Amino acid sequence: AATTSLVVGSLVWVEDPDDAWIDGEVVEVKGEDIKVLCTSGKTVVVKASNVYPKDAEAPPCGVDDMTKLAYLHEPGVLQNLRSRYDMNEIYTYTGNILIAVNPFRRLPHLYDSHMMAQYKGAAFGELSPHPFAVADAAYRLMMNEGISQSILVSGESGAGKTESTKLLMRYLAYMGGRAAAEGRTVEQQVLESNPVLEAFGNAKTVRNNNSR
């Protein structure tokens, strides 16, 4: 619900049956009934409890950490993720949590050895949001404090959990890997074990051909 007083001219978000949320401007206030002129051109009347304020000063390309948002509500979060996705920025922080939006296409330039070298030892939040930053933070804590670390990867079927886990494993293997006797690195051996593990733990579903 709105956390600020609504007056004529306020920029707001309201629910929409087609787009989930749509932005607009308050044109009339009658008690708890708020009339909103949406950017789509239609006018709706909704209860004040279902109206959310919109940050008029939010950057059009979004912010890399959603704790920077003026309003941390559902429409604000979704709009920020959408704005970044439209700019091919699929990763966004919420504090020390990394949110990934599955692009459903390969972006090899984001995960090459040069990118891993950039994140090696970099302070968390210094560089753009990335799984390598999360993996590096966990690795540094493990090495510096001698305490086991965990990284929780969660999401719906098809969200990209398996691929994100592979990226985390790849970076950790890169950080701790040494060439084996036969010349294969630990990184190669860890990644090559994935198909075997997936054969036992993954299955095809109606939403995902390789669901964990």
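Cβ atoms are placed via backbone N, Cα and C, with glycine included.
Listed features, source TrEMBL:
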type	residues	note
BINDING	Gly155, Glu156, Ser157, Gly158, Ala159, Gly160, Lys161, Thr162	ATP binding site
DOMAIN	7-56	domain 'Myosin N-terminal SH3-like'
DOMAIN	61-212	domain 'Myosin motor'
Fewest-neighbour residue among binding-site residues, criterion Cβ within 10 Å, set Ser157, Thr162: Ser157
For Gly155 (ATP binding site), the number of other Cβ atoms found within 10 Å of its own Cβ: 13
Protein Cβ atoms within 10 Å of Glu156 (ATP binding site), excluding its own: 11
Average model confidence [pLDDT] within the domain 'Myosin motor' (61-212): 88
Other C-beta atoms that fall within 10 angstroms of the C-beta of Ala159 (ATP binding site): 16
Three-state composition of the domain 'Myosin N-terminal SH3-like' (7-56), taking helix and strand from DSSP: 3 helix, 30 strand, 17 coil
Cβ neighbour count within 10 Å of Gly160 (ATP binding site): 19
